[in-house]
């Protein structure tokens with residue numbers, strides 16, 4: 001009987017990607033199968049996030065629930081990974097000595113051996129180091145789970161914004177070799193993936209080594225991924241405005257696979273607050289980049305992160321943020337009240353903003369975004385939209401569900417063979433969280449671009465000969 005594995009994931013899309021790789025690793029090494037029932041599991045893994053307030057206590061509450069399972073089942077292995085593990089590894093060992101494995105985001109590839117060591121040593125094993133790109137060199141081949149997939153192209157961040165823990169929990173920026181990224185995308189395309197989401201904490205800072213010792217830019221990577229047959233839609237997250245350069249904007253002019261949607265976090269609309277955050281750009285510079293982008297993609301939809309009530313934020317600073325939201329006309333926001341993260345400079349900044357004002361500002365910001373989002377949705381009424389059909393509708397299993405370029409769900413009537421294909425639909429109704437459409441044409445009636453088959457890409461990607469020397473076929 002196969003062993004069972006449960007992975008509980010908190011946090012960003014990078015954590016979701018990491019969790020999928022943990023599952024693949026343990027399946028390849030030990031035959032583990034995933035379960036959603038904790039009582040069935042032989043291994044329980046918690047992949048944590050430390051971005052929000054009280055992240056550590058949330059971890060210990062979850063571990064307390066799992067402790068009761070371990071008391072009934074002593075051979076149960078409990079592991080904690082992710083950013084909280086990196087920050088609080090020693091504290092976890094002290095407060096939760098029943099935890100068997102503690103690992104960081106950069107050492108998840110060592111998980112099978114760490115579990116084995118914990119069982120043979122009958123004691124906890126911890127590895128929260130930063131071993132550069134070794135993580136990617138030791139991951140199993142990707143397994144597609146549907147028609148969309150995440151592909152991590154880099155790790156870490158070197159910007160050190162004053163509020164952010166990422167450089168301390170995931171390390172400095174490290175990019176994967178470009179051939180490795182293309183090989184993974186080609187493998188996914190060969191398995192039926194049609195849309196890839198390129199991931200990184202600062203994804204547009206990608207500088208990937210090539211087979212001949214040069215460095216490939218993020219713009220070059222986007223064009224190469226777009227050239228892989230079957231990959232007809234590309235997203236990426238998360239971007240930094242300072243790295244959103246003209247060569248990336250140029251890709252939007254000639255790469256239809258790049259979606260008409262961009263998440264480019266600005267955090268605040270006040271230059272004074274941006275300086276305190278150590279964000280190396282002004283509001284005017286941010287708006288200038290968006291203006292350039294909209295010259296080549298006039299209909300592009302924008303989203304951003306916002307931190308409300310950063311220490312020292314005045315009423316005028318907040319109103320500057322509200323003005324920027326209206327000026328850019330953001331469609332989506334991920335907005336939070338400032339949460340001091342231990343070990344970051346901003347955690348020591350004095351803050352005299354009352355809880356009442358914090359909540360009022362967050363509410364005002366989110367209401368403005370919601371108003372703009374509904375207007376954007378209504379503007380799609382009676383327009384034709386191309387969607388990627390992801391599966392049955394969650395509201396009605398007799399219908400299908402797809403996603404537009406600007407990340408909106410569309411439910412429509414259609415047959416199951418359309419799953420995994422692109423279709424054009426006419427938007428007939430607008431709801432708060434979704435749209436309704438009618439089928440106009442199927443993929444067979446489209447002229448999607450073909451450049452290079454996945455197998456051709458895989459043949460050209462970097463390999464090693466019997467002596468371990470990297471070779472490349474141009």
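Placement of Cβ uses the backbone N, Cα and C atoms for every residue, glycine included.
Keep in mind it's a predicted model, so treat the numbers as computed, not measured.
Feature list (source: Swiss-Prot):
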DOMAIN    3-120  domain 'MTTase N-terminal'
BINDING   12, 49, 83  [4Fe-4S] cluster 1 binding site
DOMAIN    143-375  domain 'Radical SAM core'
BINDING   157, 161, 164  [4Fe-4S] cluster 2 binding site
DOMAIN    378-441  domain 'TRAM'
Per residue, counting other C-beta atoms within 10 angstroms of the C-beta, which of the binding-site residues 12, 83, 161, 164 reaches the highest number?
83
Near residue 49 ([4Fe-4S] cluster 1 binding site), which residues of its chain come within a Cβ-Cβ distance under 8 Å, counting only those 6 or more away in sequence?
10, 11, 12, 15, 55, 82, 83, 84
What is the three-state DSSP composition of the domain 'TRAM' (378-441), stated as helix, strand and coil residue counts?
5 helix, 33 strand, 26 coil
Can you count the other CB atoms that lie within 10 A of the CB of residue 157 ([4Fe-4S] cluster 2 binding site)?
23
Limited to the domain 'MTTase N-terminal' (3-120), I'd like the whole-number average of pLDDT.
90
Using DSSP, would you call residue 83 ([4Fe-4S] cluster 1 binding site) helix, strand or coil?
helix
Helix, strand and coil totals (DSSP H, G, I; E, B; other) for the domain 'MTTase N-terminal' (3-120):
65 helix, 23 strand, 30 coil
Environment of 157, 161, 164, the listed [4Fe-4S] cluster 2 site - residues of the same chain whose CB lies within 8 A of the CB centroid:
159, 160, 163, 165, 166, 167, 201, 202
Starting from the [4Fe-4S] cluster 1 site formed by 12, 49, 83, give every other residue of that chain whose CB sits within 8 Å of the mean position of their CB atoms, in sequence order.
10, 11, 14, 15, 48, 50, 51, 82, 169
